[in-house]
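Student: What follows is a single structure, and I will ask about it in a moment.
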Amino acid sequence: MTSFAQLDIKSEELAIVKTILQQLVPDYTVWAFGSRVKGKAKKYSDLDLAIISEEPLDFLARDRLKEAFSESDLPWRVDLLDWATTSEDFREIIRKVYVVIQEKEKTVEKPTAL
C-alpha cells in the first residue's frame, strides 16, 4: 500500500472524490490503483477506484457514483471497479500498489442495558 503523497491528483480533486464517495458509498472501503498511483499518469489519465466488498455493488449505487463523478468538476474520468466481481488474478495486481481513499465506516453499537 502507498500513501496519499503518491496519489497523482491535486488536493482539491481528492476532496471532490472523497466527498462523492462519502455521500454515496460510506459503507465501503475504496482504493485507488493504476497509473495515478504508480506515477505513470498523464494529465488526463483516468482515476481507477476499486469498491471493496464481498458482495457486488448494487446497480443503483454504481449508477449514482458514475453520474456523480461524470457531473463533477474533475478534469478526468473516474473508472469504477467492483471488487466482488473482479478476478483473483486482477485483485493480486491491484494489491501490489494501491492507495486507500476511504475506509468503510464503522458502526458503533450502543451497549444494551443489563
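The backbone N, Cα and C atoms fix where each Cβ goes, glycine too.
What you are looking at is a predicted structure, and each value in this text was computed from that prediction instead of being measured.
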Student: Return the residue out of Asp58, Asp73, Asp79 that Swiss-Prot annotates for the same Mg(2+) 2 site as Asp46, Asp48, Glu67.
Tutor: Asp79
Student: Please report the distance from the Cα of Asp46 (active site) to the Cα of Glu67 (Mg(2+) 1 binding site), rounded to the nearest angstrom.
Tutor: 15
Student: Same-chain Cβ contacts of the motif 'GSX(10)DXD motif' (34-48) under 8 Å, 6 or more residues past its ends?
Tutor: 2, 6-9, 17, 74-79, 81, 97-99
